[in-house]
Amino acid sequence: MDTIKINPEFDGQFCKTTSLLDPEEFRRNGHMMVDFLADYFHNIEKYPVRSQVEPGYLERLLPDSAPIQPEPIEKILKDVRSDIFPGLTHWQSPNFFAYFPCSSSTAGILGEMLSAGLNVVGFSWIASPAATELESIVMDWLGKLINLPKTYLFSGGGGGVMQGTTCEVMLCTIVAARDKMLEKFGRENIDKLVVYASDQTHFSFQKAVKISGIKPENFRAIPTTKATEFSLNPESLRRAIQEDKKAGLIPLFLCTSIGTTSTTAVDPLKPLCEIAEEYGIWVHVDAAYAGSACICPEFQHFLDGVEHANSFSFNAHKWLFTTLDCCCLWLKDPSSLTKALSTNPEVLRNDATDSEQVVDYKDWQITLSRRFRSLKLWLVLKSYGVANLRNFIRSHIEMAKHFEELVAMDERFEIMAPRNFSLVCFRVSLLALEKKFNFVDETQVNEFNAKLLESIISSGNVYMTHTVVEGVYMIRFAVGAPLTDYPHIDMAWNVVRNHATMMLNA
């Protein structure tokens, strides 16, 4: 029989013992962590917004193996500041205007801390009843807040669940729609299923379609144009469906968007849903970013027609000041989802589940284990109240309007898409570049604006990103970081203007 071999690295070494969950150690280290983060937020503007490091930088700084002996929290936090901070892009910086916001808040962070400290695994009601029931209650609260029809709420026969990301939500709803359709046509016809979206729909939808087993060639990305403000044209959808029907295919699923990633275009829900209903197509409404704005009554008209859809989602972690991750999904018929995803092995059997009087959220998602996400959103709603949350969002939209006005007043620039929420899309215009450099085509204009954006980002002062729509390169300026105020908007515009002036005068 082989003997146990002792690693000489450990043989004879004295190892310090430490408690894994000592209350006093937690209190001391927790205070230090809170102070560390508070100092970070206080000094966040001192850091370049986008990380300036090169790939592989961290491997050169850290040892090639884990420490044998424990290290004090003071040293660990020192290492965070010296080694980790240079590799951070600071999403909470007031000068972060890239992508869409991933906005945080004191309540959101403390809610995350509370959830992590309790560390319950709420896959079923019995596993932690409060986790399940608070999630159901908060989902109804939030649904009422954005004025979702009662049919989406638990109180009206529907229901909501918190998942990680939009991609997870899309996958779950596609699978629910797929299984429901194949019950009618037979599983052997899965290769005939077709899904529809606009060419502006978030790219995660295509990933979800691929994972769900739908053939890649049966994904219809219907082109949009500036004439419809890059929203999905209902007649274009109808033509695509009719062509597929003639080819013997089975229309399955339509993903609509309220606030597309590139330009925050809004698809016309009502006519799209009416067409989908004619053909028995499941309609999902993705409002990942813009859904948060719908807590304000003046933006709820963008959801007109959602009563005709099957499911709706938005990300509270984007613009509702709740830390990543927290994607909220509502369904009018949750049984379609649970029928597709439910499992009930003997190890999870219990009287509450067997009674069918409780929600088991394991059957509403891909994974079994799940976090206590509702706790942080509950804290956000309670700590700030609806009135303050609405005003935070309105202030971001007003700041975006201010930036848009600054751009419009400079004749060298042009606004490239309607500003529906807090995103402004702009560029240095073809006319300005034609006057200065005799540019005559969009390729040259695109190249100039790409160089302008990189110059702006390299300064470290602000961070913005770009998109390309109909072959046109445009710079995206998204307001939504929790610390942003008007001076940051003015500073960002000065950076844009000064870098443009420098390049135009070169």
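Here the Cβ of each residue, glycine as well, is placed from N, Cα and C on the backbone.
Features as listed in Swiss-Prot:
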- P101, H202, H317: L-phenylalanine binding site (BINDING)
- K318: N6-(pyridoxal phosphate)lysine (MOD_RES)
Including all protein chains shown, what's the count of other C-beta atoms within 10 A of the C-beta of H317 (L-phenylalanine binding site)?
26
Taking the centroid of the Cβ atoms of P101, H202, H317 (L-phenylalanine site), which other same-chain residues have Cβ within 8 Å of it?
Y99, F100, C102, T166, A288, Y289, N315, K318, W319
List nothing but the one residue from H202, K318 whose Cβ has the fewest other Cβ atoms within 10 Å; the candidates are the recorded positions.
H202
Spatial neighbours, same chain, of P101 (L-phenylalanine binding site) - Cβ under 8 Å, 6+ residues apart:
W91, Y289, K318, W319, A478, V479, G480, A481
